[in-house]
Amino acid sequence: MEGGSITPGEDKPEIQSPIPPNQIFILSGQSNMAGRGGVFKDHHNNRWVWDKILPPECAPNSSILRLSADLRWEEAHEPLHVDIDTGKVCGVGPGMAFANAVKNRLETDSAVIGLVPCASGGTAIKEWERGSHLYERMVKRTEESRKCGGEIKAVLWYQGESDVLDIHDAESYGNNMDRLIKNLRHDLNLPSLPIIQVAIASGGGYIDKVREAQLGLKLSNVVCVDAKGLPLKSDNLHLTTEAQVQLGLSLAQAYLSNFC
């Protein structure tokens, strides 16, 4: 019989559910949030692969969990977006470095951090409008994440590279981001939800207009971390593993300095 069988009376292995998180962070945006650190083209086999090199800042921790695609809490490990940003090869992103840095700075040992990956590579901000698949999935996953009593502490948002090629998209970015934040806060009933967005480091065309909108957004409880100058891979678009670690630490510092 395929798949084997369980003898009558034989105990099924017990699955230990982790203690649910009490501090929850949403990770959203496009590919640099999903993580492409360490992803390279294997020309021999003509496919993209992750090198599986894991910096110590990104090491797993039993007190850092992630919400899987099927809405279960499990111990977090890279790639955080493996079952979320599907159809692509994910590698190291900023999430684990961020979570470890925050965990190390918190004064209580009882803190359990929950990461909710929602990013999707190659997406423009108009694809995150209320009613879209990506927006509604993010809201659903966020709502699910707090059913066990955890508190949504912040949204980390890294997106914009797909909005630099068209002048209209670039000039509309600020208004679109403003609307996204207001919609998300309203739909989650969290009017003061902290948002930490990343000013993009790469992309051609009208990148300066998108960055200007990101750095100049004037909303309460919104801060911006600038990724400009962080090391890029040979594609001049995605952050290296080292850069993702640096970004994660910068995001943690922004959170701890502004919202703790």
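Each Cβ is built from the backbone N, Cα and C atoms, and glycine gets one as well.
Per Swiss-Prot, the features are:
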REGION    1-22  region 'Disordered'
ACT_SITE  S31  active site
ACT_SITE  D235  active site
ACT_SITE  H238  active site
Could you state the whole-number distance in Å separating the C-alpha atoms of S31 (active site) and H238 (active site)?
8
Using the structure shown, find which entry in S31, D235, H238 (the active-site residues) has the sparsest Cβ neighbourhood within 10 Å.
D235
